[in-house]
Amino acid sequence: RLSCIRNNVWLACCGVVSAGLAVLSSFGLMLFCGVPFVVTVANAPFLILGVGVDDMFIMIACWEQSSRRKEKSDVKSLLAETYAEAALSVTITTLTDVLAFFVGTWTAFPSVRSFCLYTGTAFVFCYIYTMTFFGGIIVLNHKREQGNRHWLTCMPVGVDKEQSEKSCWYNVCCIGNCSRQSPQPEGEHPMSIFFRKYYGPFFTNKWVKLLVVLLYGAYLGGSIYGCTQIREGIDLRNLASDDSYVIPYYDDDSKYFSDYGPRVMAVITESVDYWNETVRLGIENCTKKLE
């Protein structure tokens with residue numbers, strides 16, 4: 001927003017900080033519990049950031065809707081209504097994410113198991129910080145707006161004779177709401193109007209609903225079939241770039257040597273007198289038995 005009062009830069013920054021706190025808390029707890037830290041875990045913060053920012057937008061949207069409906073309500077009522085609308089959505093998304101990653105801890109791969117433990121725990125902390133820390137930030141930002149304070153300096157924004165003579169762009173960008181009264185809630189966002197007036201009525205049509213049910217049934221059937229075809233494992237060929245010399249090696253290995261199975265080695269861990277013919281015969285017999 002161009003208004004120096006309506007601008008929510010700090011609110012957005014704190015939403016990112018909330019996700020960062022979740023990552024720090026998760027990593028700290030897992031390291032304290034002795035869970036191994038593997039390279040794949042370094043990708044977890046990006047997943048947590050995406051979910052945390054999504055939860056942030058949901059909270060802000062519900063807060064603004066509550067503010068438009070209840071212009072004269074106190075902060076407690078606004079926050080209570082915000083949680084009543086946003087908490088259900090945030091809880092469901094967090095619960096599905098946590099279950100998905102904790103199910104992944106059953107895998108036989110230790111690196112994947114560590115990644116799922118770190119990420120699933122981070123989702124739990126992300127939910128806690130969104131419901132506590134970020135809710136408090138929303139209230140503080142609301143009080144700043146009610147006090148007609150600048151978004152950066154938090155100083156009261158007023159207007160004097162010299163400022164009133166400035167250009168329109170100066171007043172919009174640097175003064176914001178010139179009156180000392182509390183800023184009025186803004187109108188409904190165009191995107192919300194589109195979904196309410198056009199998108200929603202379109203999908204409530206009975207034929208469209210029937211089509212959606214059929215498409216979902218086809219999707220569900222394909223998903224169930226796909227689950228039966230999944231094989232756990234990793235193809236090292238897929239980890240190399242397309243122009244790597246490793247690709248022809250794995251292709252030839254699969255083509256010419258796949259029937260022989262993995263290479264098996266026998267190691268003698270003791271000091272042996274190889275000059276002794278009897279010892280050599282014993283080693284030879286052992287090799288034949290292994291074969």
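Note that Cβ sites are derived from N, Cα and C of the backbone, with glycine treated the same way.
Under the heading domain 'SSD', TrEMBL lists 1-140. The annotation transmembrane segment is assigned in TrEMBL to 9-38, 44-63, 83-109, 115-140, 207-226.
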At least three Cβ pairs under 8 Å linking the transmembrane segment (9-38) and the transmembrane segment (83-109), pairs spaced 6 or more in sequence?
no
Which listed stretch (44-63, 83-109, 207-226) has the most C-beta pairs under 8 A with the transmembrane segment (115-140)?
83-109
With a Cβ cut-off under 8 Å, give me the same-chain residues at least six positions beyond the ends of the transmembrane segment (44-63) that come close to it.
8, 11-12, 15-16, 18-20, 22-23, 26, 78-79, 81-82, 85-86, 89-90, 93-94, 97, 115, 118-119, 122-123, 126-127, 129-130, 134-135, 138, 142
I'd like to know the mean pLDDT over the domain 'SSD' (1-140).
90
Reported in the order helix, strand, coil, what are the DSSP residue counts of the domain 'SSD' (1-140)?
118 helix, 0 strand, 22 coil
